[in-house]
Structures are given as C-alpha cells and as structure tokens.
C-alpha cells in the first residue's frame, strides 16, 4: 500500500560561511646594524694608545716589537678594527637568533588561525553541498524524509535540475586579502615566506566536495568511458534526480536495447507516463528503439523550440516537467529526434559514446579506468566554460543495480498522489455508503420530503450546507462537502471544481447540487445555476423550487456576463439591507433572530442560503479578464450574507490565481495539463486515470482525499417491480478488485474487474481523454422499443418540481424578446387594462421594460407627457426600432386612455409600418409622403387647434392643461372649449425627411413644438441625430427616448461611453440609472427594450397592431376627429359664404376672397393693406387663369364699375378699373366693359395700352408741397382702383423689349397711385423669370407668390420654399418668409 507524501515547508539548509581573510605579512631579512659611539671612541683611544706605545718603543731603541715581536701590535690593531667594523659587510643581523625565532613562531601561529577560519568556511561548504547533493549510498535511508522531492521549478531554487556526479575540488568561499607591506623576493625572510606560499597553495581549493552538472545548461551530456562505470554513474544520477525532484517536476525516459540493465527503473514514478495507463498504473517510459520512443512520445517534441539555458535566470522553469532521456542505444535515428540546439525542456544523457553526442567538448564527461572524470572547467556560479582544455573534474559516483533497485523500491512506496489519499488512516466504517442511503431514501420515485427535511430544519445546525457527494477511494467511506465557512467548521464558503472533458465534471456538479437539495428545503436553500456554454450540467434542474434561475450561454454576450455580476452585487446589497433593517451584521445572526421571532409567532423576511454555481468559469475569465477581480470581491463580501460560489471549469490557469486564494474546498478531477493541475492546487490530478468521477477533494494543503463521485444519473428501477420476469437489481456499492499481475517495464493490459458495481461506460479518445456516456451520441439507455430508461437523478428532480414554492428571482430574462403591449400595460396598471378602462388621470404611457439586474426587476419603461415632458423625441440609428416605438406608444395610450382623452395624428415618413395604427380609434390621421395634402392638412389642423385654444382658454378661464383635463374629464365645474379634442399628439416619423421635403410645413411644426404643449398639443418625433432638429426646437422636447444611437455623442440620458454598449437589435435602448447605487455612475445607464405593439395572444413575431385595434374597438365606439380636408373643387360662392361669416382682424377680411387656406379652412384675401400685388405661377392646366377669373369676379362683387364709360359710383363705394392683358382671350367676359378700361391680346396692343396706363398713373403722382395729413389721406388724386391683370406674361417679350416696362416704375409706388398688379406665368423656366422687368419689380415689392402645380427640380423659389406637384386649383401662397397652401375658388372661364 502506497504511502502519502506532501511536500512540507523546506528545512533550512546549512549556510555557507564566506570569509574575507587578509594574509599575514611574512618577515623580512634584518638590515646591517650601526656601531655605538662609545665603541668608536674606545677604539680610537685604544689605537692611539697602541700607536703611542709602539712609537715610544721604537723611539727608545728597544727591539721589543722587532722581528717576531712585531706580530703582537699587528694582531692588536686587526682585532680592534674587526671589533669596530664587524657587520659592515652585511653579515651581522638586526636581531639575535632567539628573537628571530620568536618572530617566526608568532607568524606561524597567525597562519594557523587563518587556516582554521578557512577550514570553517570549507566545512560549511561541505555541509551545504552534501545537504543538497548527498552521496548516492545515503539516499535509500532518506526516502520518505522531509528532504524528498524538495526541488521547486520556480526560478528561486538554484538547485533545481542540478545533479551530483562525483566528488572533486572547488574553490572555497574565501576572499583572500594581499599582505600589507609585502617584502620583495630579495627582502623576504625565507622561512616565513615559504610557509605563506604553502598555506596559499593548500587553502585555495576545497577537496572532496560534490561536483554537479546542470540539466538546464546543456541539452545533453555524453558519458564516455568503461560501460560499467558509465552505467554506475547513470544510476547514481537517476537516483539523485528521483530523490530530490518530484515526478511532477522531472520525468525520465530510457531508450535502451539492454532492458535488463534498466528493469529497476519500473519502480520509480518518474518513469511513469501519466497519459498512458495499464494494469500497473502509469505505463513505464522504457523503450527498445528510437522509433518506438518517437512514436510514443511525439507530443513531447510538439511545439517546443530549441534548448534555452535557464539556470542563470530567475524566471520559473518551463516547460515542466523537465524531461531526462537516457540514450543507451546507438541508433542513427537520433539525428531525427534531436539537433545540436537540443529541445526545450529536455536533457539527454548519452551512454553510447557515439560521435553524434561526443563532438561537442563542453557536453562530454570522459572517464578513465580509475573513475576519474575529465571535463571542460566551468564557472561555479554562471556555469560558463572557462577553458577549452579538459581538467580533472571529479571522482565518479557509482551505484550498483542492487543499490539502485533497493532505492527505487523504497521510493515506490511514496507518491505525490498518495499524499492526498491519507493512506494509513483507519476510519471506522459507520453509516451509509451512498447518498440515497444516507438520506434514508429507499425508493427515489417515492420520497416524503416533509419527513426528509423535518430533521434538517435547523439552519444554524452542523448539517447546514453539508451533503455527501461520493466515496473515499481508500476505504469507500461516504465523503461530505461542507460549504460553511472555515470559522464554522466547514470547507467553504466558496470552492472550485475542475476536470477535463470526460472526467465527469458535469456529473459531479449535478450530484453535489442534487445532494444539497435533498438536505435542505427550498425555503432554506436557493441556487443560481449559470453556465457559460450550453448548460448541460444545470438544465436538468429547470423548474425545481430550489432554483432561482438557470442561466446558460453567457459566453455569447459579454453584456450578459456583466448583467450577471450586477445581479450578484444587487443580491449582496439586498441581503445587507435586510440585515441592516433587523439591526444585525450578517445572515447567520439574522437567521438566528428570525428563528426566535418565528418561535414567538412573528415572521421576518426569509434570507435563505444562496449557492451560485458557475460552470466553465475559465471561459468567462478568458472573455472578460476583469471578472476575476469582481468575483473575488463578490466572494469576499457575499460570505457574510450566506452567498456561496461553486465554480467549475475544464481547466484552471494562472489568471484565476487571485480568485483561488479565496476558495476553500477544491474538487479536482483529471486535469488536462500539469499547469492546470498545479493551478487547481492538486498537481497530481494530471496523473489520474481516465475514469469518470475520480478525483481529489482538497480541504486544505494537508487534508486532501482521493474520491470517486457517485453517479446519481444511473438507471432507476422501482423497488419490487420485475424486469422481464426477473427481480430488479439492487443498488450496491463496493470496491473494484483486480487480480495481481507481474510488474515489468512492458505494457500490461488491464484485466476486467471481477467485482464491484457497474461503472458508467466511458470511451477513450486518441488524446487520452474520455467521454462520459452522456456525451456519447446515442448513449441514452433505451430498450428494444425505444423507450428511455428513467434515471435516479431525473426521478428525484421530477418529484421536487411538484413542490409548490416560488423562489426569489434575482435574475430576470435577458432583453431578447419584447413583451406584448397588453402584458406591459397590465404590469404598469397593476390590473387588466380593460378593467376601469380610461380611468387614468395622467398622461404616462408605458412603452417597454427597463432592465435593472442590480435590483432584480424589470419595471415598465414609461413616458410622461403630462408636464415638462409633453413633447417626445425618439433618437436612434437606422433599424433601431424608432417606428416600432411610436406604434407601441400609441397602442399604450389606446389601452390606458379613451379616444376622447387622447388623439394621435401621424406623419409616416420613415416606413409604412406606422399605418398599422390607423384603425385604432384614437388615431385621427396617418399620412405619408405619398399624401402631401394629408400631411399639410394634418399639420394645419393641429396648428389651427393651438391658435383656437389660445383664444378659447382665455375665454373659458382655463389657466393650464391640468385644469382643462380636470374640467373635461375629471368632473370639475367650469366651461370647457368645445373643440372635440383632448390631448392631441402630432406624431412625426422621421423629422428630417419631412423637413427636407417641405420647408414651409416644418416651420409650422416647429411652432406647434414650441407652443403646443401649453394647449394640449404634443409633438412626438423620431430622428437619427439630434442635429437634424432645427436649433430653435431642440430644447422643446422634455421627454427623450434613446435607442441605439447613430452617434453616441447624442446621448444625454447616459454617458456616451455607456451608450455605445446598446446592442444592434431593434427596440434596444438605454436610460439613466433610476435608483441609488453608491458604487455606480448615475449616468451608467440601464438597458431597455421597447414592447411589441400587439397583444400577448399573437405570435412573438407579430408587430402589427390589428389585435390592439380589435380589442380597443370592443370597448369603445368613440373615434378621434378626422383631419378635415378641402374638397377637390371649391366654388367661389362657397368662399363668399365663408367670408361673410369671417370676423378675423388683420387678414383683409371684407376684401377680395379668392381662396381657402388649408391651414384653418378660412378664406384667403388679397390684403391690400399689406401688399397691392399678386403673382401666380404653375404648370399647364393648374388653374392660373381660373385664379384671375375668380379675382376679377370678386372685383365685380366688391367694387363699382370704374371704367371711363361707366357711370359715377355711389358715394362711399370704391370703384375699380381693370387693364387686362389676355393673350389667350379667356378673360374677356369675366368683367363687363364698365370695369375693363382697356384690354390687349397682342404686342402692339399691349404697347399702346401701357403708354396710356403710364400716362394715367403719372397723373396720380403726389405733387410736391403736400402736408402730412394730405399724404396720409391720399387726397391728391381721386378715381377708381386700377387693376393691371396680365395672364401668361411669358408670352410677352422679356427684358428691354418688354411692353410692360412703362408700368414698371409704378409697381413700387402702387399705394400712392392706386395700382394693383396681378400676373400669371407658366412655371417652366421660373429661375429665369427675373429677366422680365415686371416680374423683377414685383419680386422687389415682395408681392405674394402663388405657386401651383410645379416641378420641384427647379429648386428654391423663395427663401427655402420649393414647388411641387399639386392638384388643380391648389397652390402654395408664399409671402416673404412663410407659406400656406390654399385652394383657389373655382370660377368658370371661357375656353
């Protein structure tokens, strides 16, 4: 039985003690000594005495010093001189020998002290080196010690990948200082100098220290020498690596034709292939040929670059595990596996001595017969080669096969994986062995949930959030997941679950969720189940009362991810507010208070535990990297309010590192890569066999258990019911048993289990992954008749769905499908819309829903038009749903108000979709560009209403529209204008199109925008850009609807950076945040969706309003007043009748009434008080001549004849005299000769007539010297008003040849001479009409211009006004800067 090993905290190694030693200065040879002065004096005196004595002797004649006697004084002299000058030749020293010996002894003592210091440093080096690189023969005894597998590939452990090969010499960690005042070679005292030299020689190296090579420096090493020595060293290297490096960090491979030499490596976990499994576990990576090795380990070289030396770098070692390959077969195919640059993360050891491996000197270790290794020397710190000549490197380590096998067998008892299995603990087998037995469920199809939960009602008890999910692998004991916080004795509050495809992750997620549901009633436990992908793991729980929401496919839209996070933040805020209202700090305290209150018969708002399951969260982090920090914050803040995160993914990588710090428990199934396993906190998960549901349960670093998850989605058989005459199989749980097999390096097939339960089948894939039966196409269990066999899990879920309980919904459906208008109105009113129909007392219309994920609701999106927001602006790009928004607004008003209360008049310039509202009783008109008259009449009608209400409100004493509504619909006493309208809405779909088509009309609309709201006339417009609106009216829209904008700069409700997040979907928009959220920008925005303008009974794709028309028509028979239209022909008598009743002031009433205004259906007069002339133009058959005939008919009605032949008029009655130019002779009978002074129809006649007219007008010129009173009374002349009527002026020559040029000077002085000029001209070539002097003069006099049927391509005619196609008799009467459409009264004209 294997024993578990978890890497403990590394022990502190012996510390190398570097020393800084300053060498002692050796002695110098003493210099010659000078003589004392007294000795010199004595010598001189003695020599003098001796000389005197000799002189006296010779002087006396004595022969004492004669002959042989002369020797005595000679010796005396020499002796004295020797005494005086001894040492002058250097033979005498400074000191005596005893003193010199003493100084030598002192120097030697100092060297001994330095030797001890150097030796202490050397001993620390030896202890340190042997700590990290012990002798191979000591490794077997150290197996299982804390020193095992201590190397770390984190870039900080400089011994990772460093392996001992023998013992040798190295320089000490001593810095030598030069002696001070060092004697020269001549001055050096020989004894101390020799001693210092020998000291330096022996202390410059440290002997018998481990010598190492690094796997991270060279891509391979060639071991060259006697085979037995080579194999002995390779065994030592393998044992060193296997002891100090875990199998998760270093893996080893042997390629050899001599398998007997390598049989012992089968025991080492480092030689196991985690991707291939056989009966003995991981398949051994021992191969007989390069071809076999390359075929099995092709993935090892895939995507890897050249070898990169990394030992000098502080970065983490990658890739891991580092791979060591022992090449013990001489095969030329190695050239196809490795090049001179090597392979990243791989180190080869060649044992063949082939030239392919030995050609590079720095990668060669040469043996001799004595076991001495020679190699190129390297710097100990940088591993750089410092010499190109091989030196003595080390005396090789040797390990025999027996020693190596003993070590390997001892190491085989330990595995990193087994550190998580807690082997050796003998737990008593108490209680149930499976989930159903634990809950006392005999029949999953017949569960008494009341009884089941009766014993688990204590939300504060130990069983809270504690549920079984599988069995321990070592003893089959039922394993529990406790999601409570660590301070409550649990494993949570949050956790992760990981496992590659086919590892059983989805099954485990379901099992944990269902087990928790069995342990808690829905009042106490709620789930939010989210899946970034399809949701296969969570969809089966739809409809279960424990489940608040199931959210799937989050990866399809990042906005949904942000929405989900907002919902979680909102739930934290909601729970915090509940706790604050009760005066408590957290959910635990709140539920304690609630339990006490319920015991007293008083209830409080529930605050159940909330488990948020997020499947495939790694995809979330990949798409939205900021989610890591957000979820980490949610986890930290939510724990106090019983919000628990359970996050699952196929893989976990470094980007989730911050989140993992806050995770308690970890359920880790098989990992795809070592990195994923490391990130999940269980490195050996990558080595798990391909068995669904098999994994590790990590509670803490020391408490990690291997388990087998229970499969609740097994077939369900009702107890007591036979199957094909046989009794249904009992649900059992036991442990698999496999017969023992011989353990070798060869692949050993896995035999079939002879005991244990049926395991859900899995299918192996070529890449080593497995697929669960749920993931296999056609994997559902069906009998021969195709009937699906029910599963235990689904049977339990079906029963849970029958429990009547409505959970709190903290996730509302995404804004993908618009709500029907009646459902929206019902939600807004709080009742069915048809009940108390028309009782609304305001003008608030719901048009859609506002998505508030933070508040967990979707309230109606409303438009309030009763106050400052009377006018509504809808902004949006093309295709954003502006027309639909208009339809919805009208339908909403129709469902909340009666046709007497609100009326709508629509101008559809965007599409025909708005015509679908035309049959709603509240809609009086829908006109578009194909009905320009209807458009003009609609605007004119509402403009007339504004003007009429200005007058009538004043007469009735109505101060505001609120008073008007109270009097008309609220029963308040007081007079009300009887205009037949309530609040009226002018709806313009595409303001810009209307403005471009009709300049005159848009000015009238602008008047309504600015003045209408005060009198109950509202304007609702749509536009792509706000800049399309005329500047004077941009501030006139108090209500604003922003859909997806064409330019985010137009956003006013939210900041532009948020407005760009509106999706490209019709009806989607954004409004400002309408609640307080301290951590949010108030202009961050909330997403909106316009409702569908149809009832809920219609299909979801129906946007026509027919259903609303039918529903509203059943409730009311009233109808909005239609727009009044002029008839196609309007007789002059009818105009005169209207004129007789006209009481208006300042419009020329009582004068020539010649047309009806479309604006207010009132007569149009030739108002001579403002202008004395009129021009008429239009295409053929448009009614120009008829216009003249009507005017002449009115002249005859209002004026007395004024021709020269006519009798004098009655006193006080004005008279008229007509001068007629009629080339087509159609007006000759319009007036009699009593009115027509002259007429002409050809050029000569016109010339003559103009001369006479000019003469007559010249006589009316005011003479000089008139008084002011005379000028004002125009008393200087008397006689009839002169009307110059010219039909078809284009038939007369233009320019200087114009026959009318004599009358032209009087046009601008017409008021002084009583002249009125009325001219018609065809429209063709109107742009060149200025060449005619008469028309030019009329333009200068600002004469009104009636443009009848015309070609708009002629461009602007006056100001920004254009002509256009019009029916006969219809025209645009243009003044200086305004225009109004009129219908000319018809008069019969001679043809």
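Quick reminder: no glycine exception, Cβ is built from N, Cα and C everywhere.
Per Swiss-Prot, the feature transmembrane segment maps to 38-58 (among others); the stated evidence is sequence analysis.
Taken from Swiss-Prot, the feature transmembrane segment covers 65-85 (among others), and the record attributes it to sequence analysis.
Here Swiss-Prot flags 476-678 as domain 'FtsK 1'.
The ATP binding site feature in Swiss-Prot is assigned to 499-506, 876-883, 1178-1185; the stated evidence is sequence analysis.
Residues annotated as domain 'FtsK 2' in Swiss-Prot: 858-1052.
As annotated by Swiss-Prot, domain 'FtsK 3' applies to 1161-1354, with the evidence given as sequence analysis.
Local packing around the Cβ, expressed as the count of other Cβ atoms within 10 angstroms, is greatest for 499 among the binding-site residues 499, 502, 1183. Note on the domain 'FtsK 3' (1161-1354): its mean pLDDT in the predicted model is 90.
All chains included, 26 other C-beta atoms sit within 10 angstroms of the C-beta of residue 880 (ATP binding site). Non-local contacts of residue 877 (ATP binding site) by the CB criterion (under 8 A, 6+ apart in sequence, same chain) comprise 1024, 1043, 1044, 1045, 1046. Counted over every protein chain shown, other Cβ atoms within 10 Å are most numerous around 505 among the binding-site residues 505, 1180.
Within the same chain, residues at least six positions away from residue 883 (ATP binding site) with a Cβ under 8 Å of its Cβ are 908, 910, 911, 913, 914, 989, 1022.
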